[in-house]
Structure formats: structure tokens, C-alpha cells
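Taken verbatim from TrEMBL:
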type	residues	note
DOMAIN	B:66-130	domain 'Spo11/DNA topoisomerase VI subunit A N-terminal'
ACT_SITE	B:94	active site, O-(5'-phospho-DNA)-tyrosine intermediate
DOMAIN	B:133-182	domain 'Type II DNA topoisomerase VI subunit A all-beta'
DOMAIN	B:185-351	domain 'Topoisomerase 6 subunit A/Spo11 TOPRIM'
BINDING	B:190, B:242	Mg(2+) binding site
């Protein structure tokens, strides 16, 4: 059980062993995780780390402690995998209380070490059985799946076997197998209010749509299951958010991945995902109720103008228009035209513009 | 359908009509919603509004606008109920875009008006089919329920028919009927990390416990379903949180209700709920890893010392001890003793202290 993962990790310890045996100071090379070392991979259409490397070496005391902590962590993960247990990022930090010199000073340190380990081993923290605190969101739609839980397998239809709250995405969605579906596309929605609106209006039934609630900046598990729905079921993904710079970042994290987790882009990013609004141009075209942009909003928009991920005609035009308007709008502002407008008019228009329906 | 609710609301409009016919200026009396007008009701053991009243009268322009907005809202709710639709607090704010003089200037205004309407009619916003943005949390445990959804009834067992994420509590848990259970108590847990720990360790199976995830300050739907589990199934409720002043407020909102929604105390508050930690005295007894209290923590603790809801020997002693220690601890700090300590040692000790097991 979990033998491959254990071998990958033990490899690192063996390498240190060999280095020491050869009379070398143990060290590790890791890709540098900064904006400057991020490159667009034309093949997979996602952002990945470039060739710049940082070295963690036991030459300095600080470096030696880092490698010690890495070894303790590998040791803990090894027994965790052998016993088929799991733990949270926070628990790992507390578990280190008894590791003496290898004790983490703060959780940031253990979180970062796990990212290192993901990059070195080419595994994901889910493979080490490490969970976040954040919880995933929910799914509703014409999809039947099988989830492998610790208590056995569960077959769940995401319309017929769930309440109005929907199917709760587990921490590790790779334990899910898609059994059957009747969907034409996936729609990923930022706010709970709008997700509830689509469910109430039967949007998933009328349009054969799988509704994924992003719940603000989406958790890793939410991004992962959306990616799998896209790849394995060949479904287009539409992202529907508020019309402000923070929401564009939500779209970008679904679509392009983030700098911090560029090593996971292929696992989570969906470069083909389509943004269907609310766009700044919708504010004009649909005459939506607005709020003034705040100073932070303006700064965030300006920073997006210099972000390579937003370096397209569409985004430049939309962001510049928004800066001119000085306004932002929320998804729910469509309620100005009544409770059915979003599902009967706005979404059908936007989805057919993108050739999704 | 929904006839009683419609009648309750229409009553208000009829009253205005009668007042105008009598040559009076229309007005409404509403209990004052401040700390000074909150009283402990010995009978129900919850905090309720006292006898102080505020008057909303059309004598002033501001008051006239308020009553106009109230009438527009009642009109909207009436058609919403007749069509068996529902909407979010945010949508209501946007719907008012077309109400001309009755348009809400900000959502706070419409939220407050709905609270007024709850108090006047003795109904709950769920009865008007108004949903919040916040979503409820999840349940896992030996409980079989039936949820009445718009798409028909769903029978769900909260262990056998759900994935590891659990059963997602719907916005209006009064649409749930409890069918069958095998539970001895309910344990309500603040953090997702600890909720996952209990599920992984099979705590719900080993102790016949219904695990409710509070997810920080609990949503109204989470408090309501916990209250119903307590009342209808006669189950004791244990609340398990971090050991800091913000977490004591979480306990207090489960147990005593809040000032803002004192009119709903009987609907949501569980005066018999037991706080099982993390207590400041646990920090000493279990030698837990700690963080320093921040200035805000200290202020919050001091404010709790003057809060009537914390005016008991237990809370005075614990809060004073915490101020002396200058420390706080999280639930997950119990991981210092390994991943099973919380379910095999800590919780059994605390639950038997409170005679729950």
C-alpha cells in the first residue's frame, strides 16, 4: 500500500546517505519558486517553473536544520502511509513538537517544506495524505460518481442522491471515479448565492450542466475535480464570477494555476476554461447596478495589466474599460431584472457566445 | 401554499390601511434591539428582547421611506411565496433597483428590514424564503433523514449515503425530517481539520456521535439543525472549539444566541449545550503547545468578563486563568501527542466529565 510514494520519498534520504558516504556535504537542488522563474509551457498550455535552481545544503546551520526537518517529515509521512492514516497541514506542525531540533517554528515553515517535497518527488501532498484546513465546495449536476472512503465505496448521483446542498467534494478528489454522466458542460460559480440561484432555477437539469461552487478563491480539491471533469469527461468549463479584479484572479487560478503551485499546474489548471463574466463590458451592455472601484480594486486591476496571464486582447480591453468606468458589478446584480434573468437570458447568451451551448 | 406566512405579512399592510382610514399617521412598534433591551428568560433559558420599543412612524420623511420599503418588501415576499420561489439577501437588495423611492441604498438596510419583519410577524426569514450567502456546514453520523427538495424527497443516511465530506446542510434545515438514528450525542466542532480528524478516526461510529462541523462562527442553518437534533432527538450537545476568546463566542452563539438575533433564540439557541474545550485549564493540564495572546485577544477576553452570558463561575475562572497565562491553544495542538490522542484520550475524558458518555 502506497509503496511507490514511500519509495519516492526514501530516495531522498538514500541520496543524502550516498553523499555523506562519498564525503560530500548533503545537499538538494530545487527549482526557484518566484515570478522570475515561471514559464509558459506551450505543450501543456500551463505555467511551469523554469530552469533556475536553489540549493539547500547542510553547509550552513540554517540549511542543515532544513534538511533535518525534511528527513523527520519524510519519516513521519512514511509511517503515515504505511498505516494508511492522514493528517492536516496544521497537525503536522504540531506533531513536530516532539522532534527537538527539527521542530517547526511556525506552520508557514512546514507548509513550505511540503511544497518542496512535492516538487522534488513530483508527487502531490494528497499522495502523502496531507489535508488542508480549507474544505472543498459542492457539486450538483447529472453526474454519477463513486467515492472510495475509509468506510467503503459510495455511489452517489449528484442530483438524485443529494439534498439541495449538493455533493460535498472530499479533500482528495482523486479517490473519486466518474461512473456515468449526462452533462454537456461544467459551470464553475464564485458565490453561494448564485450557485443556489442556478440550482433553484433547475439550470443543471435544463442545460445538462454540472454546477461546481467555487466558494470564492477555490480550494485545491475544487480545482482538481473541475480539472478532472474537463479532462476525463471532455466537458468544456465555463467560469462565472463577480466583475471585479479579485474575481478575475479566481478565474485565473482555475485557468492558469498560481505561481506558488506552478508545479501542480498540470494537475489543476484548465487553460481551456472560458470566462463568461461578469465582464466590465457587461456592466455597460446589461446596464448592471454597480459599486465604485476602491483604491485597492484599482491597484489590483493595474497589477493584472502587467501580469503575463492577463496579457491578451480580451483582458487588456476589459481591464482598461473597467478602469475608465470606475465601476464593478456582482453576479447577483443581474437580479435587477428578476430572478430568472440570469438563467433564461444572461447565461444562455454568454454560453453561446463561447460556443459552449 | 405558504398561506399563513402571507397572511401574517398582509396583516401589517392592513394595519397601515386601517390607521390611514382612521386619519392616523401609519406607524409600527418594534422591540429595541440593543444590549440594554436583552433579558434572560428563565422559562426558556435563552436571552430575549425586553419591553423597550422603538416606533417607526411615517411622521418623518425618513420614517415614511422606511415604511414604504417595508411595504414593497412585503409585496415582493408575497409573490415569492405564491410562486414558491426563493431569493438571497443580496438578490433582494438588487431587486429593489426597480422600486424607485423604495430602493435600498445598501444591503445593510434590507438585511435590517428583514430582521424587523421577523420580529413583527414572529416568522423567520426562512419562512419568507430568504437565503443567506453563507452556506451551512456538514454532518456525519448515525442519522437517517429525509430532505424535502424542489425536486422531490431525498432519504439520506449521514454515514452510509454520503462521501467523506459528509451531508451538506441545506439553507433551510426545517425542510428536513429526522427518520431514524442511533446516536447518543451531538458533537459540534469549530475547525475543519478537527472535524476531519474525528471522521478519519471513526469517532462517530465508535461513540455513536453525530459530528456537526461549525466552520468557525456557525451559519444560522448549522445552529438550527443542531438545535433540532437536541430538541427532537433528545441528544446532548457538546461544543468543541479552539481555546481562545473568539471560540468562546462561537460556543456562546450556539448556547445562548446572539444579541442581533435574540428574537430567534428559541429557534436556535441550545442553553444546555456543554463546552468541552479547549479550556484555558486544559492548556495547563494537558501541557498543550500555545501561542501568545494578542492585544485583541486580551481585549476580547476582558469584554467577555463583562458579558452577562459569561457570568458564571466556570467562565470567570477560565477567562481569568487565560489572562494570567497569556496563552491560547488550538484544538489541533492535541496532535502533539499523536493523531489518536484527541479521540482516545482527550474527548473521552472531557465528555465523561460532563456526563455525556
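FYI, residue positions are counted from 1 along the chain as it appears here.
Using the three backbone atoms N, Cα and C, a Cβ is placed for every residue, glycine included.
Structural mapping of features recorded in TrEMBL.
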{"residue": "B:94", "record": "active site, O-(5'-phospho-DNA)-tyrosine intermediate", "DSSP class": "helix"}
{"residue": "B:190", "record": "Mg(2+) binding site", "DSSP class": "coil"}
{"residue": "B:242", "record": "Mg(2+) binding site", "DSSP class": "coil"}
Using a Cβ-Cβ cut-off below 8 Å, which of the recorded positions B:94, B:190, B:242 are near chain A? B:94
Per-residue pLDDT averaged over the domain 'Spo11/DNA topoisomerase VI subunit A N-terminal' (B:66-130) comes to what? 93
Under 8 Å by Cβ from residue B:190 (Mg(2+) binding site), counting only residues of that chain that are 6 or more apart: B:214, B:215, B:216, B:240, B:241, B:242, B:247, B:250, B:331
B:94, B:242 as recorded positions, winner by CB count within 10 A: B:94
